[in-house]
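See structure below.
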Amino acid sequence: MTEEPGNKKDAKNTAPETEGDGMDQVDLGPLIKITPYLKTLPTAVGKFRRLHLEKSPDSSSPPKLPDPQLSTSLEGPFGLGPLVFPAFQRFNNIDFFTFWYFLLVTAHGAVFALVDYCLKKIDKEFSLSEKERLIMDYSDYHASFLVAVLIAHYGGRGNRSKWMAASAFILGIASIIFALIFYKYEIIKPVEKSEELCIEEQHRTMSGCRALMLPHRTECIHLFILGQYLHGITGMPLYILGVTFIFDHVPTFSAGLYLAICDAAQLLGYLLGFVISSWPPPQHGNPNEDENEIQFRKFQQNWWSGFFSVAVLSWCTFLPLLCFPCRLPGAHKLRFEKEKEPPSFDKRLKNKEYGPSLKDMVQTTKCLLKNPLLICYSLCKTTESLTFKGSMSFVPIYLQNQFLITPSVASMLTGLILIPGLAIGHFVGGLIVDRLEMSCKNKIRFTVVTSTIALVLFILILFVECETVKFAGINEDYDGSGNLGNLTAPCNEKCACPSSIYASVCGRDDTEYFSPCFAGCRASKFLHNEKAYYNCSCIKQGLTNADTEGDFVDAVSGKCSNKCHTLPLFFAFFFSSILFSNLSSIPVTITILQSAPANLNSLSLGITYTIWRIGGSIFAPLAFDVSIARACIYWNINECGIKERCWIHNKSKMVYIVMGLCVFFQSSTALLGLFALSKYDSVVNASRDCLVHPVMEGKEGKEEKT
């Protein structure tokens, strides 16, 4: 009741404001809109003054550079500079980024497979020397370890999505360069069918050394090395900046699944490239002089069209990746949530900042190299890569010599077993980490367990063996008339047999011969889709069978059967060992990202790839080439005196070399994991100051630093 006079008074005071004509009401509109700004402007000025006082740095403490990845101002919209469309903001999330990243990594993996297969063809056609072969094969690794730390340092401080867009554009250029080699030049010539029978030397046409030297050989080698260098450079933004970008925008325990999907993209691309390169080329007859240019392009269509397709795919990802901001919405909040998690890195690195200069990069790199955990994790990734590289190089040769499989079938079976094993291992490993929410220490234990199981499975492969088939001139001396290690014997010395084409035949004496010529065969014909040979002077024993025309068959094309049925058992052990050896791939990658603070994870991953590429470009070629040279029994030496390839290997040596390398790599991974476990607590709980000091500015900063 006491409030009624006041209410009435207020009503009287407000009554004149509501009275009057319509012009008065129109004039009050602008005043009502200006009033909130008049009220809030002094308040904002006051808050700004108090904020300035609160944020003013203490003169006693040195200033720090702000972390560019920690600012919420970097969380921008999805657009191309000022062109921002509201309808496209639904794509401004990590899932849409992962989709385009998946396509780009698939294209990069396809180039890996196409280059590996094309290099084998170029090596065969150009008769490359050992030095040329090594440079062409590992030039992408050379380029990678030269730029890995630089890209991690400067790219980690900038817009990582734009770095990947640039990588997509350069990858397209590299693919065009590879395609140009097979589109412009004739690299692979159709193999002319030859009887390879025993023909006397005066009637045999021999090609000289100059016939093997193609006029465009130097240009093709230089273009191939240039493409390899560009391909190696483009991989570093993908596998360093792309991985850290995804890791920064997903929760820690969900990173395993995202990284497993992205890692499977590279293997999917490798499988696609493997299928494209293995596809048989179109067949055609003998071309005329005028049609030669069109014919060789048709014959090489699989390779240049495959590289063109990869270029188109990579360029399709260029524009979408260019539209992503430096930080996606919600990254700032997720960053603070991750900082609340228990640290799994050296505490001396916490809250340390480093500047953008080259000197700061060198100083921070030295500090990270003193972290034994990071070195162990990097070496684990190196041994994983070497296991894959060694398996792709040696397993086809192992299958040819152990189970008597043709080279093309051996390469196909190796790809069908190895690549799915890698993909499943990476995906399952990431899924296990995602579902079990493993800590950093448990990831290391998981790596030790899986590597130990893979080690046992690789050892079991040593017990899968077959009987050795008699091979004339290798382990059989032509019934005492020849010498071991020499394919030529008195029965075929007048045939002048070349060793450039390996076309093995099985004689009726259950002995394998390098070719019909080395068996002394002078006639051949087809019987029931199988080629049979007659009048073979080196085959004197064994039962003789007559064909439908009454002629006695001395040999048939192909390898002799050793009655070995252990191939499925070998594939079971090999697939399981590859699967378990790759289960730790994603856990190790996440552990590397967690072994340093968020502002240093790009640089730590760059150091990992530097160690990885150095091991892959220096240690791997030396180890693999020495192993092949020691296991080889018979080399193919062309007319120029160059060793082109090894035709026949020592079976027992190949078994111990292949499995020995795999056992060494897996045991190294297990030992490195055990060493990391022993050093984990002492490194994470370290209390001394690190060599990475806060970056100083001005004269006071320099005095404080000194």
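Here the Cβ of each residue, glycine as well, is placed from N, Cα and C on the backbone.
Taken straight from TrEMBL:
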COMPBIAS  1-12  compositional bias 'Basic and acidic residues'
REGION    1-27  region 'Disordered'
TRANSMEM  99-119  transmembrane segment
TRANSMEM  140-157  transmembrane segment
TRANSMEM  163-183  transmembrane segment
TRANSMEM  220-247  transmembrane segment
TRANSMEM  303-324  transmembrane segment
TRANSMEM  409-432  transmembrane segment
TRANSMEM  444-464  transmembrane segment
DOMAIN    485-540  domain 'Kazal-like'
TRANSMEM  569-590  transmembrane segment
TRANSMEM  610-633  transmembrane segment
TRANSMEM  654-677  transmembrane segment
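The transmembrane segment (409-432) makes no contact with the transmembrane segment (140-157): fewer than 3 of their CB pairs lie within 8 A, with pairs spaced 6 or more apart in sequence. For the transmembrane segment (610-633), the partner stretch with the most Cβ pairs below 8 Å, chosen from 163-183, 569-590, 654-677, is 654-677.
Relative to the transmembrane segment (303-324), the listed stretch 99-119 leads the set 99-119, 220-247, 444-464 in CB pairs under 8 A.
Most Cβ pairs under 8 Å with the transmembrane segment (569-590) belong to 444-464, among the candidate stretches 99-119, 163-183, 220-247, 444-464, 654-677.
Sequence-distant contacts of the transmembrane segment (220-247) (same chain, at least 6 residues past either end, Cβ-Cβ under 8 Å): 94, 97-98, 101, 104-105, 108, 111, 115, 119, 122, 126, 128, 132, 135-136, 139-144, 147-148, 151-152, 155-156, 160-161, 163-164, 166-168, 170-171, 173-175, 177-178, 180-181, 185, 187, 214, 255, 258-259, 262, 589-590, 593, 601-602, 605-606, 609, 613. With DSSP classes pooled into helix, strand and coil, the tally for the domain 'Kazal-like' (485-540) is 3 helix, 15 strand, 38 coil. Mean pLDDT of the predicted structure over the domain 'Kazal-like' (485-540): 82.
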